[in-house]
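This report refers to the structure that appears directly beneath it.
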Amino acid sequence: MATALHHLSDYDPATVPDASNMCFGIVVAEWNPDITGALLSGAMATLKQHGTLPENIHVKTVPGSFELIYGAHQMVLHGGYDAVIVLGSVIRGETPHFDYICQGVTQGIAHLNATQEIPVIYGLLTTNDLQQALDRCGGKLGNKGDECAIDAIKMAKF
Ligand code: DLZ
């Protein structure tokens, strides 16, 4: 979680492997586009900062966060990537829909990690309101996209 103790964009560069020979797939949900667009910008900038060539970062969009599972699975099967990142933002509404989507995506991505050959990095913001999401996509708590990029590089090396 991003808390006062953990800023999403803080990390020790010395612990991050060189990513110049790595290739990444990113799946981005279209719901809450201002949020997911900021997550994507952060992830791409951080991957490039660690050496990944722009042509080795492939981005696909899906309608909503629930479709991140299918999108990631297709990228895992057919992309030839070192790791895949999913980026989405689910904001709590008045119905239990939030819980079903969050649980579904979380379990779906966990299943891919347990059964497939490459890591899938979980970049789903699950927040109670818009401000909490803004705080985590480049606001006061950093950018979850940065964190996902670092995790993707580390897991690709793993
Ligand atoms: C339906 C829905 C709702 C209510 N809220 C969100 C959201 O906050 N974030 C998001 O990424 N997607 C949302 N969706 C869409 C679902 O993820 C999905 O696209 C549809 O249920 C169709 O499968």
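Note: Cβ is positioned from N, Cα and C throughout, glycine not excepted.
TrEMBL labels come from automatic prediction, so no person has curated them.
The active site, proton donor annotation in TrEMBL covers His97. As annotated by TrEMBL, 5-amino-6-(D-ribitylamino)uracil binding site applies to Trp31, Ser65, Phe66, Glu67, Ser89, Val90, Ile91, Tyr122. Residues annotated as (2S)-2-hydroxy-3-oxobutyl phosphate binding site in TrEMBL: Glu94, Thr95, Arg136.
Looking at Glu67 (5-amino-6-(D-ribitylamino)uracil binding site) and Arg136 ((2S)-2-hydroxy-3-oxobutyl phosphate binding site), their Cα atoms lie 22 Å from each other.
On the backbone, the CA of Thr95 ((2S)-2-hydroxy-3-oxobutyl phosphate binding site) and the CA of Ser89 (5-amino-6-(D-ribitylamino)uracil binding site) stand 16 Å apart.
For the binding-site residues Ser65, Ser89, Thr95, counting C-beta atoms within 10 A of each C-beta gives the highest total at Ser89. A distance of 11 Å separates the Cα atom of Phe66 (5-amino-6-(D-ribitylamino)uracil binding site) from that of His97 (active site, proton donor). In this structure, none of the binding-site residues from Glu94, Thr95, Tyr122, Arg136 has a C-beta falling under 6 Å of any atom of ligand 1. Counting every protein chain shown, the number of other Cβ atoms lying within 10 Å of the Cβ of Ile91 (5-amino-6-(D-ribitylamino)uracil binding site) is 17. A distance of 22 Å separates the Cα atom of Arg136 ((2S)-2-hydroxy-3-oxobutyl phosphate binding site) from that of the residue listed as 'active site, proton donor'. Of all Cα pairs drawn from Glu94, Thr95, Arg136, which the record names as binding (2S)-2-hydroxy-3-oxobutyl phosphate, the longest spans 23 Å. Taking the C-alpha positions, the distance from His97 (active site, proton donor) to Ser65 (5-amino-6-(D-ribitylamino)uracil binding site) comes to 12 Å. The binding residues for 5-amino-6-(D-ribitylamino)uracil are recorded as Trp31, Ser65, Phe66, Glu67, Ser89, Val90, Ile91, Tyr122; their greatest pairwise CA distance is 16 Å. Reduced to three states, the DSSP call for Ile91 (5-amino-6-(D-ribitylamino)uracil binding site) is strand. All protein chains shown were included, and the count of other CB atoms within 10 Å of the CB of Trp31 (5-amino-6-(D-ribitylamino)uracil binding site) stands at 17.
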